[in-house]
Amino acid sequence: MRKVLLVEPVIFIYIFASSLTSPVVQQFIYRKLWEEEYNSTAISSDNSSHCERNKSSPTYVMEKAIQEKTSFFNMQLDLTGAVPSLIVAFIIVANGDHQGRKKSLVLPSIGALIADIFLTIVSYFSWPTSVLFLATFISGLFGSMATFLGGGFAYIADQCHDEKQKTTRIAVIDLIFGVVSGLAGLSSGYFLREMGFTWTFATASLLHVVNIIYITFFLQDTVHISEFQQQAPLSYKEHLKETFSGVYMLFKTAPSKKRILIIVLLFIFMTYLFTMFGGSSLFTLYELDEPLCWTEVYIGYGAAAFTSISLTSFLGVYLFSKCLKDIYIVFIGIFSYIGGIVMAAFAKTTLLMFLVRVPSLFSIMPIPVLRSMLSKVVLPSEQGAVFACIACLEVLTGTISLSVFNVIYAATVAWFSGFSFLLSASLCLIPLGVLCWLLCTSWNGEDLALLVPEEVSSIDSVDS
């Protein structure tokens, strides 16, 4: 059977299925906690959720209490899946340099399938929300989103030999991520309204089945595995040694300039991801609360509005990369995020909340550009190692960020629900400061492209 080097459909299906369930899970938890706490159903209408605005009303106090409980529950759920997925992402993505990229795509898909089956059962049989911790832990054991994206980006990097093409291809994946997650978010409200929780989770499960079949039987690997490797597979101990030695050699044998650049770029990536993930993750809870009081359909509209940010960020990367260095594109993206998140902190009407997306039009640009900058500074044989580091940082940073911001939101929602957004904007000063230092030194974007050819030429001279 002829196989194809087309990973985009895999990413499309996985992101759609995951984004379809993500806002639905938050609403499912919100409603289940309400039922468990007050032995009644959370009320909603066609236009707005039942959201008490009178602060002296007992219902208002009850809603704030459920907001806090939901926030803490989400934090605990994220931590449950983060620890195993952190280890698995590091091992599988780094091993992709020698063992192939398909493992890092198919295993997270299997984990997501198991998690969605659990969600379907919990919803259908009205099991307690505590069962969700088991589903999240199992999903983490299969690598979760970090392993999938790490493998996907490494797969793309393997096919790119031109530096500008690499930046654009990586930006395309982030575009797919944003557009598809927006479309899934938009449709999630209608899925939930027309089909309910159970069939929404079942639909996501079927999508993951399709993905597993495509990856297994139709997707060609970009890493050639020799017949000797297939006949004499490495032991578990040798696998671990190969994994950690690859990442260790990435930093140990590299010139000091390259090593410092990698560390600095990873730090910028990590700090920006921390602020952006943390602030953005609170949107659903913020929109459910008064004075917005959005329903599942409006929450879907809000998620779909994120699509425009992904599209404009991709166009920004495509156009700006023709006339600006990568580092300036990162600057523009961070300032764009700051403008949007500050506006969200004071958004008290539905119109204003939708308009938050306008100043945020380029806020996603730093993510693909920083990935591309890191990919450019390493050798082709080190792509898996660097994307393994990125994947682990994404899991670690994302989990800590979600946990920290959920705790802060729970502690501040009663007196100012927008405080967490202002904190997120303030923390952006950290990556901005490091970028300014990087810009003031001689290590600008042009140096990134010069380091790899020097190493390649030195390796070639040794081989000859």
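Cβ atoms here come from the backbone N, Cα and C positions, even for glycine.
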**Q.** Per Swiss-Prot, Lys32 and Val413 on one membrane face
**A.** yes
Q. Which stretch, 105-125, 131-151, 172-192, 385-405, tops the Cβ pairs under 8 Å count with the transmembrane segment (72-92)?
A. 131-151
**Q.** For the transmembrane segment (260-280), distant same-chain residues with Cβ under 8 A (at least six beyond the ends)
**A.** 250-251, 254, 330, 334, 337, 341, 344, 363, 366-367, 370-371, 373-374, 377-378, 386, 389-390, 393-394, 396-398, 400-402, 404-405, 420-421, 424-425, 427-428, 430-431, 434-435, 438, 443, 447-448, 451
Q: Could you give me the DSSP helix, strand and coil counts for the topological domain 'Extracellular' (126-130)?
A: 0 helix, 0 strand, 5 coil
Q) Counting only pairs at least 6 apart in sequence, do the transmembrane segment (327-347) and the transmembrane segment (131-151) share 3+ Cβ pairs under 8 Å? A) no
Q) Can you give the mean pLDDT for the topological domain 'Extracellular' (193-198), rounded to a whole number? A) 91
(Q) With a cut-off of 8 Å between Cβ atoms, can you find at least three pairs linking the transmembrane segment (131-151) to the transmembrane segment (199-219)? Only pairs 6 or more residues apart in sequence count. (A) no
Q. For the transmembrane segment (199-219), what are the same-chain contacts with Cβ under 8 Å, counting residues 6+ beyond its ends?
A. 1, 3-7, 9-10, 13-14, 16-18, 20-21, 24, 102, 105-106, 109-110, 112-113, 116-117, 119-120, 123, 188, 191-192
